[in-house]
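Here's what Swiss-Prot has on this protein:
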| type | residues | note |
| --- | --- | --- |
| SIGNAL | 1-24 | signal peptide |
| DOMAIN | 47-162 | domain 'DOMON' |
| TRANSMEM | 210-230 | transmembrane segment |
| BINDING | His211, His280 | heme b 1 binding site |
| TRANSMEM | 242-262 | transmembrane segment |
| BINDING | His247, His316 | heme b 2 binding site |
| TRANSMEM | 282-302 | transmembrane segment |
| TRANSMEM | 318-338 | transmembrane segment |
| TRANSMEM | 351-371 | transmembrane segment |
Amino acid sequence: MAISSNLLLCLSLFIFIITKSALAQKCSNYKFSTNRLFESCNDLPVLDSFLHYTYDSSSGNLQIAYRHTKLTPGKWVAWAVNPTSTGMVGAQAIVAYPQSDGTVRAYTSPISSYQTSLLEAELSFNVSQLSATYQNNEMVIYAILNLPLANGGIINTVWQDGSLSGNNPLPHPTSGNNVRSVSTLNLVSGASGSTSTGAGGASKLRKRNIHGILNGVSWGIMMPIGAIIARYLKVSKSADPAWFYLHVFCQSSAYIIGVAGWATGLKLGNESAGIQFTFHRAVGIALFCLATIQVFAMFLRPKPEHKYRVYWNIYHHTVGYSVIILAVVNVFKGLDILSPEKQWRNAYTAIIVVLGIVAVVLEGFTWYVVIKRGKAEASAKTSQRVGNDGRSLYV
C-alpha cells in the first residue's frame, strides 16, 4: 500500500512538472491556423508578443511569424531587424494593421529617424511572401527575410505597437514597455537577450532606473524630510542649533544626489534623440535652478537680528516649498514615463502620505507648543510688570 502511495505521489509530481514546463513555454505550444511549422520560437519580454522562426544558414533565409496578442482595435504592430544599431533608427521594419474595410495591410518600412510616419518602402534586404492575419485580437505577420549569416549569427530586433488614425499609423508611446521592446536574437543557438548600450554594457533601461532612484530619493524624499526637520525641530529650544546642522546636511545631501540624477537625465536625453518628455524635462531644469539658487543663497543669509532677515526667510521658505512641490510632481511624472511595477508607485505614494501625516501632526503640536509658550511668556511679563509696580495681582 505504501509503495502504491509513493508511486502515485511520484507520478503526480512528474505530471505537475511536465505540465508546468509546458505551460511556461507559451510559444512552443501554439498551433497556427495555417498549419505552418517553425523550428524555434521566443516569448518576447514585453508587449504580449512572440516570434516563431526558422533560419536556413545555407540560403540566409529567415522565415518568421511574429505574433502580437491582446491587440485592441485601431492599433498597428511592427517587427524589425536593425542591421546597424540596437534601437529604432536604422531598423528595417515589417508593419501590419487592420484597415477600415476589414482587410489587413502588411508592408515594409525602413526607419530613418524618430519622426517616422512608417511610410512604405523597400528594406535593405529582400523580403518575400509577406502577409498578415488579424483575428481574435491577435495579429500575425508572416515573411521570409534574406539575412546572410553575420556577426556570429546575432541580429538586433525591435517590435512595436501604436494607434491608428484612420488607416495611418501614429507615433508609438515613448514610455513603459514601448521603450523596452528591443532584443538580440542568435539565429544559430536560438538564444535571445536584452540589448545593451553604453560603457560597461549598461542598458538604457538600467540608466533610466538609476535616474529614477537618484531623483526619487533625493528630490522626492530627502528634500521633504529636510524641510520637516527645519520646520518642526526648531520649536524645541533644546534642539538648537542641532536642528539647523541636520537640516543643512539633509538638504545638501539631497542636492548632491539630485544633481547626479539630473545629470543622468541629461545624458539619457542626449542618447535618445527624438524622444522628448517636455514637461518632465522642464520641471527637472526648474528644480535644478531653484535648488542651486537656494544653496548659494545660504551664503547671503542675514543674521537673525538683521532688518532684512524677515525678507530672506520669506524667500527661503517660498523657494524651498516650491522645490518640494515640483519634486513630488516630477517624481510621479517620472513613474508614469518609466512605468515600473505598480509596487514602486505604491511605495512612493505611501512614503509621501506618511510624510504628509507626520507634517500635519507636527504642525498641530508646534502650534500647541508655540501658543502655550506665548501664554506663559505673556503671564511672566504681566507678573514682572505688576511686581515692578509694587502691586499684588490679588488686590
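A Cβ is built for glycine as well, from the same backbone N, Cα and C atoms used for every other residue.
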Statement: Per the Cβ under 8 Å criterion, with at least 6 residues separating them from its ends, the transmembrane segment (282-302) contacts 215, 219, 248, 251-252, 255, 258-259, 262, 265, 308-309, 312, 315-316, 319-320, 322-323, 326-327, 329-330, 333
Rounded mean pLDDT for the residues that make up the domain 'DOMON' (47-162): 86
- line: The rounded CA-CA distance in Å from His280 (heme b 1 binding site) to His316 (heme b 2 binding site) is 24
Message: Using a Cβ cut-off under 8 Å, which residues of the same chain at least 6 positions beyond either end of the transmembrane segment (242-262) come close to it?
response: 210-211, 213-215, 217-219, 222-223, 225-226, 229-230, 233-234, 236, 284, 287-288, 291-292, 294-295, 298
Query: His211, His247, His280, His316: which of these binding-site residues has the sparsest Cβ neighbourhood within 10 Å?
result: His316
- prompt: How big is the gap, in Å, between the Cα of His211 (heme b 1 binding site) and that of His316 (heme b 2 binding site), rounded to a whole number?
  reply: 27
Message: Should anything in the same chain at least six residues away from the transmembrane segment (318-338) have a Cβ under 8 Å from its Cβ atoms, list it; otherwise answer none.
response: 175-176, 208-209, 211-212, 215-216, 219-220, 223-224, 227, 277, 279-280, 283-284, 286-287, 290-291, 293-294, 297, 344-345, 348, 352
Task: Pull the DSSP breakdown for the domain 'DOMON' (47-162) and write it out as helix, strand, coil residue counts.
output: 3 helix, 65 strand, 48 coil
Field: Conformational class of His211 (heme b 1 binding site) under the three-state DSSP mapping
entry: helix
Task: Using DSSP with the three-state reduction, classify His247 (heme b 2 binding site) as helix, strand or coil.
output: helix
